[in-house]
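Enquirer: So TrEMBL says this about it:
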DOMAIN    112-354  domain 'DNA/RNA non-specific endonuclease/pyrophosphatase/phosphodiesterase'
DOMAIN    171-331  domain 'ENPP1-3/EXOG-like endonuclease/phosphodiesterase'
ACT_SITE  200  active site, proton acceptor
BINDING   230  Mg(2+) binding site
């Protein structure tokens, strides 16, 4: 299916609340369809990468390129719309700023339709945060979209990202860091959910269309996350943020990222920082986060909240260094957590309070809690 865009490309994708994700275009109105990296084919044999369609009567559109007419169901892409990641000139406070989206070419201009942006520390191989918009119509998102493979696309140079996420590599790496293969195997299990997975920052299901969901599968949109936390409280947070956007009919801006580096006990009882890319001569990259966070913000109401999850299922005792801001969960309307640490101990904070622990969050004004 081609991308369905506003004729004014800076307005991005067209969304709808109609059943079946149908989009109604009134007679005389136009939409832009695009298949970046491929071609849109029409029944008359014509093909374009991008064109504008004007509705002239029921399900029939006029092509602005050649004046021909076409039934909408006869329009198709010859391949999945191609997404891309690019660095952009303005920097974040720590590292490089980039964005993921679709490059659309028209007769008049080239436009990049962004779906998310991010701040990435290239030296450490760590994405500090990813920022995206969850639309109020998120409950109309396409479901059961196949998961493509993750891609590096110009980031994490010299690191085999596919390899470092294998259980066997994680066991070897932790054995080097902790000085004990037996201890490493106690942390990373051969089976089950005790291993470090590719944890999405901007979640696949935070986007409506298949093309958008597929575009989230870049390593730069991930951090190492324990799988039993990824599908535990972290998944609960993601679902409830989407439910809030839909139920309250709110567009929500979301910054998702990590804070600190996880430490585990080595064979001498000393705490060691954990990285997925580790060499015994001291070079390290791809740190495992100590904390995961999701900043949720309603710009219209200037209301927001932060959800924080401890990324350590092996924690026996919650120490003060895991609590970076005052827990205000009792002040907001949010379902109860699974309080077991193996599912990811979680709490809530005011955004301004959280900034004291995480000064890299972009500036915006918060007047009230998101409740």
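Backbone N, Cα and C define each Cβ position, glycine as well.
Structural setting of the listed features?
Expert: The Cβ of residue 200 (active site, proton acceptor) has 22 other Cβ atoms within 10 Å, all protein chains considered.
For residue 230 (Mg(2+) binding site), the same-chain residues 6+ apart in sequence whose C-beta sits under 8 angstroms from its C-beta are 197, 199.
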